[in-house]
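For reference, the structure discussed in these notes is given below.
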Amino acid sequence: MRLNIHKYLFIGRNKADFFSASRELGVVEFISKKCFITTEQGHRFVECLKVFDHLEAEYSLEALEFVKDESVSVEDIVSEVLTLNKEIKGLLETVKALRKEIVRVKPLGAFSSSEIAELSRKTGISLRFFYRTHKDNEDLEEDSPNVFYLSTAYNFDYYLVLGVVDLPRDRYTEIEAPRSVNELQVDLANLQREIRNRSDRLCDLYAYRREVLRGLCNYDNEQRLHQAKECCEDLFDGKVFAVAGWVIVDRIKELQSLCNRYQIYMERVPVDPDETIPTYLENKGVGMMGEDLVQIYDTPAYSDKDPSTWVFFAFVLFFSMIVNDAGYGLLFLMSSLLFSWKFRRKMKFSKHLSRMLKMTAILGLGCICWGTTTTSFFGMSFSKTSVFREYSMTHVLALKKAEYYLQMRPKAYKELTNEYPSLKAIRDPKAFLLATEIGSAGIESRYVVYDKFIDNILMELALFIGVVHLSLGMLRYLRYRYSGIGWILFMVSAYLYVPIYLGTVSLIHYLFHVPYELGGQIGYYGMFGGIGLAVVLAMIQRSWRGVEEIISVIQVFSDVLSYLRIYALGLAGAMMGATFNQMGARLPMLLGSIVILLGHSVNIILSIMGGVIHGLRLNFIEWYHYSFDGGGRPLRPLRKIVCSEDAEASGIHLDNNSIV
């Protein structure tokens with residue numbers, strides 16, 4: 001639900017107490033033209049907590065439990081953590097370079113660089129290293145008495161040269177080796193020891209995570225309070241302050257009581273033309289989960305109705321239809337229950353995690369329900385006469401369609417019987433629906449009517465849901481766009497007429513018993529009437545510019561057809577699941593099980609991606625086009641940030657105003 005926001009002016013003397021009390025109440029966003037940036041101190045707190053999070057992921061909690069020194073300040077802890085982390089990163093870069101150097105000089109073998117330098121100083125004889133490209137049929141030893149073969153590695157031959165030897169430059173390349181591999185390995189061990197010592201110290205400092213987190217909360221609260229005070233304008237040599245702010249209307253009485261307590265004058269003022277009224281949404285349950293989805297795309301404008309609940313239920317439906325498998329839904333539900341049990345402690349203090357797991361469970365239930373109606377379970381094929389399929393929604397609709405065909409004998413029935421003459425003699429709807437085609441060698445190959453009916457029903461359901469979804473959006477936005485009445489009439493009329501134009505039978509005929517010919521005629525004239533009504537209503541609302549509304553017919557038509565993606569993605573997922581099952585069945589049990597497991601894993605990932613992307617897209621693109629302005633900004637009232645550790649100790653449930 002979107003709550004109304006009004007602009008108020010506050011005038012008074014007691015600035016400090018007023019802002020502190022306003023922060024506790026949390027219903028006012030004070031208006032300022034100043035731009036505030038994140039300070040270096042706040043950034044240091046965040047970086048320190050990131051280091052602690054990395055330690056928590058790398059080590060067990062038992063390894064991070066150490067005795068704390070209560071005399072250490074938070075600032076000293078943060079400084080030491082950041083210094084140690086910086087040093088560790090520098091040492092790791094040195095280790096990386098050292099490993100590369102070890103690989104480079106390893107073929108030269110172990111030697112003492114100091115002894116070589118001493119030998120060169122006393123005798124004047126230099127020792128140098130060379131390498132050349134290795135060739136299988138070439139002798140490794142050189143004829144020169146001062147050239148010694150060392151080793152072959154990385155497809156190169158390595159040599160030691162004493163003194164000055166004239167080697168062919170086109171074949172031999174000198175390699176610099178100021179230090180040997182054994183000396184570098186000693187340096188590497190020393191560096192790793194230093195890294196380990198610093199890492200151990202970081203683990204010791206992890207015990208102060210709660211203090212650092214509390215320090216960040218306190219610092220952030222002080223910064224927010226300071227920024228709110230900076231919004232004020234001082235009057236009468238600083239004796240009086242004045243500040244404007246956006247206020248949640250439902251909390252006006254509480255704010256008025258606060259102002260009376262601190263002798264603050266409060267008056268509603270008009271909104272400036274260039275100001276954008278912030279949007280404040282307040283939801284619970286599924287509405288809050290829908291709000292999380294809405295915030296992914298855009299913040300509703302102040303003039304918009306809250307679409308959270310609508311978006312949530314539509315997303316669950318679209319996601320379930322796209323995944324189109326009860327088995328996958330069962331996995332989603334079980335995963336949600338498993339993670340809910342594993343993170344049950346965190347869920348008490350993290351509303352976001354709790355809502356995400358609940359949404360996963362609801363999506364799993366939706367997939368189970370829709371997969372049951374379409375008899376889809378891990379891509380397995382059920383017999384057309386099985387009880388599981390007989391009571392499914394698609395089977396019931398297909399049977400009603402068969403009854404309509406035999407009773408009314410429409411044009412589509414005649415085309416079907418001309419293609420399969422054996423169907424003419426069948427009078428029982430169930431036998432007609434389950435009629436099979438006789439292939440070569442007298443083998444029944446497929447159900448010619450059943451398969452065709454099921455595909456048509458699923459495709460039409462996607463279009464039907466699209467018409468209903470868009471119509472609901474237009475009805476919600478009717479006060480801002482009168483032409484929506486005309487376009488609703490156009491879509492409903494088109495749904496009546498198109499089956500007649502295509503010579504097929506629709507849900508509205510065999511399920512809602514709409515007369516075939518009469519419905520088509522009404523739909524034909526209703527389409528033109530809907531377009532005309534949309535243009536007339538647009539002209540009433542927008543004067544002569546409403547004539548442009550006529551070109552929206554293409555947009556409306558394409559938006560309805562866009563819902564076919566639900567059918568296409570659901571069909572693709574079902575076909576992939578069935579294909580992996582068939583592939584696995586042809587292989588030995590172990591190999592076939594691996595193929596089926598990997599295949600369904602890939603299909604689940606693709607189904608989730610398709611369900612999330614296209615399930616949200618149909619809401620954010622097609623539906624929002626007729627029921628959403630967007631471009632708003634969320635209300636950010638001055639509120640006190642609650643540290644998760646403090647909330648845990650006091651039993652407070654965290655919301656958006658918390659740092660975990």
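Each Cβ is built from the backbone N, Cα and C atoms, and glycine gets one as well.
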Given ranges 236-256, 362-382, 425-445, the stretch to which Swiss-Prot attaches the annotation transmembrane segment: 362-382
For the transmembrane segment (593-613): best-contacting stretch of 312-332, 362-382, 453-473, 520-540, 560-580, by Cβ pairs under 8 Å: 560-580
Contact check, the transmembrane segment (312-332) vs the transmembrane segment (485-505), 3+ Cβ pairs under 8 Å, seq sep 6+: no
Per Cβ pairs under 8 Å, the stretch of 453-473, 485-505, 560-580 packing most closely against the transmembrane segment (362-382): 560-580
Outside the transmembrane segment (485-505), six or more residues from its ends: residues with CB under 8 Å to it: 401, 404-405, 410-412, 415, 456, 463-464, 467, 470-471, 474-475, 478, 514, 516-517, 519-520, 522-527, 529-537, 552-553, 556-557, 560, 626
